[in-house]
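Undergrad: Sharing a structure here in structure tokens format.
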Amino acid sequence: MFRSAPHATPPKGWWTSPWYIAALSLACLIPMIRPQIIPLTDLLGHMARYAVETASPESPLLSRFYGFKWALMGNLGVDLLIIPMAKIFGLELGVKLIVMSVPPLTLLGFLLVAREVHGRLPATAAFVAPFAFSWPFQWGFINYVFAMALTLNAFALWLWLARTGRLRLRAILFVPIGAIIWLAHGFAWGVLGLLAFAAEIIRVRDTGKSVFASLWQGSLHCLPLAPPLLLMVAWRSGAVTGETTDWFNWVAKYVYLVSSLRNHWMTLDMYNVALLLVLIAFAMIGIGFRMRRMLGVAMIVLAIAYVLMPRIVIGSAYADMRLAPYLIAIGVIAIVPRYTDRRALAATALIALGLFGYRLYLSTVRFDDFSTRYEQQLKALDHVKQGSRIFVLIDLPCLSRWEAPRLEHLGAIAVVRKEAFVNGLWTMPGAQLLSIRYAPAKGYAEDPTQVMRPRRCRGRTTRSIESSIALFPHAAFDYLWLINTAPEHWPKGDPSLKQIWNGGERGALYEIEGSAIMAMETPKGTRAFATQ
């Protein structure tokens with residue numbers, strides 16, 4: 001299946017230049033330049049957590065509404081990095097700069113790995129570029145994609161140190177590197193271990209050792225990456241309540257695989273993935289392309305992990321989905337054309353570059369559209385007092401819709417800009433650092449109380465917008481904020497709800513008359529009094 005004879009270095013061309021790598025990587029910044037808040041679904045909820053994390057103890061965020069307790073866990077990448085970034089740039093700009101770094105670093109890692117394995121970039125290398133904006137990135141799984149960007153670059157370093165014979169130096173360096181990546185996200189550390197193991201098997205095997213010896217020595221060479229196993233034991237022995245479940249969900253695994261580039265355009269995204277899977281298949285059987293054994297075996301190892309991984313790990317959903325794009329991407333960078341005609345190679349490189357350029361243009365347009373929608377809805381915050389309590393309801397389409405509206409956590413920006421209490425943040429002992437202290441909002445405080453979906457795709461016991469408005473504890477909140485909600489769902493005939501902002505066809509803000517939690521509080525409940 002994979003060519004075992006010594007590999008010829010791909011022919012030199014404009015696509016093998018270091019400037020090509022730099023230009024491709026930097027081009028990833030383009031869609032993210034204009035938006036003040038980069039429109040990734042879960043990122044907005046993470047920003048609220050960062051706001052609580054970096055707030056002063058006197059802030060209502062920590063004195064009244066939320067708790068924040070640090071714990072050693074494999075999911076702290078941006079949570080740690082935002083501390084100095086927020087001090088230097090402010091929270092929103094600090095988050096934006098961190099997020100902007102992820103696609104360029106991801107693509108840089110892919111291309112450096114490809115160059116290290118092939119000896120020179122193959123003409124097909126740019127086909128991997130769309131994976132810098134893969135579905136996990138669009139979801140806003142920011143700790144994971146940030147850690148995966150580090151993982152890919154670390155893997156390139158691992159390969160380079162092996163090729164140059166610096167195995168002792170590699171063993172020393174990768175003890176802290178592995179620990180840092182685990183701290184950023186445990187899944188990414190696991191992927192680094194799988195990639196390194198696959199690479200070591202082939203490297204040892206190429207020296208003439210038996211399969212068993214290759215497996216054994218490959219395992220030994222990966223021991224510098226093992227210390228975080230002790231940290232994982234300590235983490236799992238603590239108060240971790242999330243369950244691991246939903247094994248071998250074949251329908252979901254198929255959907256996640258074909259959705260690896262899921263973004264805005266179903267036809268383009270799926271045909272793009274199909275094209276790459278066809279190229280990988282052709283390379284595996286030697287039609288027009290061939291596949292480097294090292295990355296081919298790495299792809300197979302990741303595929304096995306993908307099959308065995310459950311959908312939910314320690315309460316974290318979409319665990320296997322996160323791996324799918326990287327599985328395909330490793331297969332893509334393993335490909336090298338069999339043909340050596342320079343014109344044909346240049347045409348291949350131009351096709352790959354053109355596809356990426358087109359997707360980049362479309363992403364820039366759509367990110368700009370999302371940013372405009374955010375700005376329109378966030379005008380409601382101009383009418384909200386600092387330290388207020390806001391009950392948010394967001395009208396969303398069914399999850400089956402290909403393009404997500406990216407509004408699920410828009411209300412969380414009130415935490416960032418107004419130090420407000422907002423329903424809809426994540427809490428889970430042992431898996432989240434944030435907790436909710438504001439007892440009066442119990443039952444209407446956590447994610448997904450803010451999410452409203454059409455009747456045809458919501459659970460039998462899930463509330464509608466109208467029932468949520470009628471049932472939420474009015475006395476516990478100062479405002480009702482309806483996001484992306486059509487006027488027919490706005491409250492009517494409730495004298496306690498006074499509309500103070502009209503966002504046109506898709507949003508409104510209501511002040512709750514007579515809101516108070518305890519008699520000693522003001523009618524608006526705005527005195528800083530801790531209720532637990």
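Any Cβ shown, glycine's included, is placed from N, Cα and C.
Heads up, TrEMBL stuff is auto-annotated, nobody curated it.
Copying in the features that TrEMBL gives for the protein in this structure:
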TRANSMEM  20-40  transmembrane segment
TRANSMEM  70-89  transmembrane segment
TRANSMEM  95-114  transmembrane segment
TRANSMEM  144-161  transmembrane segment
TRANSMEM  173-199  transmembrane segment
TRANSMEM  270-289  transmembrane segment
TRANSMEM  296-317  transmembrane segment
TRANSMEM  323-339  transmembrane segment
TRANSMEM  344-362  transmembrane segment
Undergrad: So are the transmembrane segment (270-289) and the transmembrane segment (144-161) touching or not, going by 3+ C-beta pairs under 8 A with a sequence gap of 6 or more?
TA: no
Undergrad: Counting only residues 6+ away from its ends, which parts of the chain sit with a Cβ under 8 Å from the transmembrane segment (144-161)?
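TA: Counting only partners 6 or more residues beyond its ends, the transmembrane segment (144-161) has Cβ contacts under 8 Å with 77-78, 81, 98, 101-102, 105-106, 108-110, 112-113, 116-117, 134, 136-137, 167, 169-170, 173-174, 177, 180-181, 184-185, 187-189, 191-192, 195-196, 199, 322, 326.
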Undergrad: Of the stretches 70-89, 95-114, 173-199, 323-339, 344-362, which racks up the most C-beta pairs under 8 Å with the transmembrane segment (20-40)?
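TA: Of the candidates 70-89, 95-114, 173-199, 323-339, 344-362, 95-114 scores highest.
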Undergrad: Does the transmembrane segment (95-114) come close to the transmembrane segment (323-339), meaning at least 3 CB pairs under 8 Å for residues 6 or more apart?
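TA: In this chain the transmembrane segment (323-339) contacts the transmembrane segment (95-114) - 3 or more Cβ pairs sit under 8 Å.
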Undergrad: If we skip the immediate neighbours and take only residues 6+ beyond the ends of the transmembrane segment (95-114), which ones have a Cβ under 8 Å from one of its Cβ atoms?
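TA: Distant contacts of the transmembrane segment (95-114): 21, 24-26, 28-29, 32-33, 35-38, 40, 43, 46-47, 50, 78, 81-82, 85, 89, 121-122, 125, 128-129, 131-133, 137, 142, 145-146, 148-153, 155-156, 159, 295, 329, 333.
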Undergrad: Sequence-remote contacts (6 or more beyond its ends) of the transmembrane segment (70-89), Cβ cut-off under 8 Å?
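TA: Those are 46, 49-50, 53-54, 95, 97-98, 142-143, 146-147, 150, 182-187, 189, 228, 231-232, 234-235, 238, 430-431, 433, in sequence order.
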